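If you check Swiss-Prot, you get these features:
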- Ala2: N-acetylalanine (MOD_RES)
- Ser32: phosphoserine (MOD_RES)
- 40-106: region 'Disordered' (REGION)
- Ser78: phosphoserine (MOD_RES)
- 79-94: compositional bias 'Polar residues' (COMPBIAS)
- Ser83: phosphoserine (MOD_RES)
- Ser182: phosphoserine (MOD_RES)
- Ser290: phosphoserine (MOD_RES)
- Lys334: N6-methyllysine (MOD_RES)
- Ser358: phosphoserine (MOD_RES)
- Ser363: phosphoserine (MOD_RES)
- Ser375: phosphoserine (MOD_RES)
- Arg442: omega-N-methylarginine (MOD_RES)
- Ser471: phosphoserine (MOD_RES)
- 744-748: region 'Mediates the interaction with BCAR1/p130CAS' (REGION)
Amino acid sequence: MAAGKFASLPRNMPVNHQFPLASSMDLLSSRSPLAEHRPDAYQDVSIHGTLPRKKKGPPPIRSCDDFSHMGTLPHSKSPRQNSPVTQDGIQESPWQDRHGETFTFRDPHLLDPTVEYVKFSKERHIMDRTPEKLKKELEEELLLSSEDLRSHAWYHGRIPRQVSENLVQRDGDFLVRDSLSSPGNFVLTCQWKNLAQHFKINRTVLRLSEAYSRVQYQFEMESFDSIPGLVRCYVGNRRPISQQSGAIIFQPINRTVPLRCLEEHYGTSPGQAREGSLTKGRPDVAKRLSLTMGGVQAREQNLPRGNLLRNKEKSGSQPACLDHMQDRRALSLKAHQSESYLPIGCKLPPQSSGVDTSPCPNSPVFRTGSEPALSPAVVRRVSSDARAGEALRGSDSQLCPKPPPKPCKVPFLKVPSSPSAWLNSEANYCELNPAFATGCGRGAKLPSCAQGSHTELLTAKQNEAPGPRNSGVNYLILDDDDRERPWEPAAAQMEKGQWDKGEFVTPLLETVSSFRPNEFESKFLPPENKPLETAMLKRAKELFTNNDPKVIAQHVLSMDCRVARILGVSEEMRRNMGVSSGLELITLPHGHQLRLDIIERHNTMAIGIAVDILGCTGTLEDRAATLSKIIQVAVELKDSMGDLYSFSALMKALEMPQITRLEKTWTALRHQYTQTAILYEKQLKPFSKLLHEGRESTCVPPNNVSVPLLMPLVTLMERQAVTFEGTDMWEKNDQSCEIMLNHLATARFMAEAADSYRMNAERILAGFQPDEEMNEICKTEFQMRLLWGSKGAQVNQTERYEKFNQILTALSRKLEPPPVKQAEL
């Protein structure tokens, strides 16, 4: 624009003197401008290329006196000191005008101010001509989520302190800005009693665990999870921000331009923002962007991590703006000269005589996105111990080795280390080829291709020769020796005759439940019975009340070990399962039916315990005694038996909403069985919480556990098939992902240590003689027939649980009716 308007004017003037701007009349006059015009008698230069006009009155000292506009004829004023670095640098000095405005100019060791000013004028001219675009961008910011700070107009981003003070004019006005002296923090600026005040918003990090933390914000008293919530509280309640100042905020000062414009207007680094701040209502005086490498580097280093505006310019294969071409070219040149600017994530291959390296292109546009392999001769190597976000230190051609990387400070989830049982070959899973394993005995050898090199293996695969693997993953192939191979059956299993002649038998996929209520022969129940028969409920309650809690726990443990296939597993069952224990089977895909059976028994037991409490037709004291007995059985299951599976079922029954709402019953328990109530509150409930958070290894010795906690694992694996009263409590926790990882790691340990659980159960049940009647009421089939009847026991699990949940709610309200207001609602 300037080149077209002033192309006819001379441009070969000397530049070693400082000249003022002259008007268009001076160009036509033959008189010397020194006699009539003073250097301080002109206003600011217009940013649209028009010529300056003469100003009447006392002449202020302005920044436009220090440089000349492109295309104007300069007139000499006085000799100028030559700088050793540049011929036309500007003297750096702040000046005060009559309004107290502070103007700070650039470093003298920069480029020509004329070129920079024209560039700034063009950008400002383009920005001024697109108000609709800025308005639309501002509306998009304000339509973000209410918890996003950018969606609130009273947030002004990184504006200087002086600018924020000028924006608040009346008592109660406020805005929130970024702290320039403490990046990452926020400051609330307000006016109270005709005085601008600044309050730093205290930021506190609450570390919940090693991997999770929560950030809270506060002034003096109450803390909030977000800054918008803090502002809403103080504005809505007219609460003083501090007791000392008594400042109250109620009138927000809203921004009228997007945050991007404010950021470009004032700069991003604290030092630059203070030097180039716009003061006292002069939005047309903007900080000039530096074209030097130091300015570009400073802006890049001081950007916040979440700044998406700057990331747009750094990504992709094309430059974001052609105006910054020289900046990027200088940055590219610096990057090639200094090792500290090596791109993260790639290595420069060492130069050798055998590899020709092509020179870098002369184009200033360079790629900052993905880097394709330009030459097949250059081999890209990736270090195995590389960390995400680790900067490279020098090229590979250096003689000195790189120092070891610093440990990562970001917390991450750690999987518990596997026990020594994982090193045993019997505990490892292997990939079996039925066609190959069928013809191989104990002494059979692998084909020669399997013992040779990878090339021979590929050759055999092309010839369709059978191999020991089906997948395309390459495994290490061991030489022929006396050690056991992972694809061969274990020696101990071979001696027991699990597989005849070493042949592989495909595991049996079970599709029918092991619980058959209609085929169950009971001493108490007729062939066909109705649900919740009163006589059967009383008989089961008498057996439960008259037996010792430890005896009841032993019967429950014995039945759990058979259902989970920890004890009483025959050779035929092992052959059908493909593994030796049900604890390992529930982690495998074909263990679907066993997982359903485990869920069935757990939920049926919990419902049965709840019915034992709610179905009592006796007095309040009888219900309190039943509660006490159940808590004692839970203690025995936890301490003596090590049966965490049934322990969780009893705790689930006690924590049902239909049970916890019985305030009179729990009060009677505390009065009559104080020690039992304390034991439940202080020991059982915290222990149950630790179990469901996957931290049982910290409070339970492994050698004391006979049946581990199974429900979190089987519930996760069968979530689409079975649901009971929504998700579990641990899944609603803030640390649910870490808890799930703990449960999955525990499942791996269960599969590895299945033999240890079996030996613990055999040791605990040694010499145990079960009672026939007590043993029957502990069976799942009896409980299903008692609760749902002979016909209802065949209905789908989900439907049965939903209907019985309504029955439990009705029984609970019958024992202790809700208040009248709740009943009316």
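For all residues, glycine too, the Cβ spot is worked out from N, Cα and C.
Mean model confidence of the region 'Mediates the interaction with BCAR1/p130CAS' (744-748) amounts to 88 (pLDDT, 0 to 100 scale). Secondary structure of the region 'Mediates the interaction with BCAR1/p130CAS' (744-748) per DSSP, as helix, strand and coil residue counts: 5 helix, 0 strand, 0 coil. For Ser182 (phosphoserine), the Cβ neighbour count at a 10 Å cut-off comes to 12, with all displayed protein chains included.
Under the DSSP three-state reduction, Ser182 (phosphoserine) is assigned to coil, being neither helix nor strand.
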